[in-house]
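K.L.:
Here it is, the structure in full.
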Amino acid sequence: CFLGNCPDS
């Protein structure tokens, strides 16, 4: 996750 960006991986 990066700055709340958690796609699927």
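The backbone N, Cα and C atoms fix where each Cβ goes, glycine too.
So Swiss-Prot has the following annotated:
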{"type": "DISULFID", "residues": "CYS1-CYS6", "note": "disulfide bond"}
{"type": "SITE", "residues": "ASP8", "note": "site 'Non-basic residue surely responsible of very weak activity'"}
{"type": "MOD_RES", "residues": "SER9", "note": "serine amide"}
K.L.:
Whole-number answer please: how many Å between the C-alpha atoms of CYS1 (disulfide bond) and ASP8 (site 'Non-basic residue surely responsible of very weak activity')?
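P.N.:
Cα-Cα, rounded: 9 Å.
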K.L.:
Give me the count of other Cβ atoms within 10 A of the Cβ belonging to ASP8 (site 'Non-basic residue surely responsible of very weak activity').
P.N.:
3
K.L.:
When you measure from the Cβ of CYS6 (disulfide bond), how many other Cβ atoms are you left with inside 10 Å?
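P.N.:
For CYS6 (disulfide bond), the count of other Cβ atoms within 10 Å is 8.
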K.L.:
Tally every other Cβ atom lying within 10 Å of the Cβ atom of CYS1 (disulfide bond).
P.N.:
7
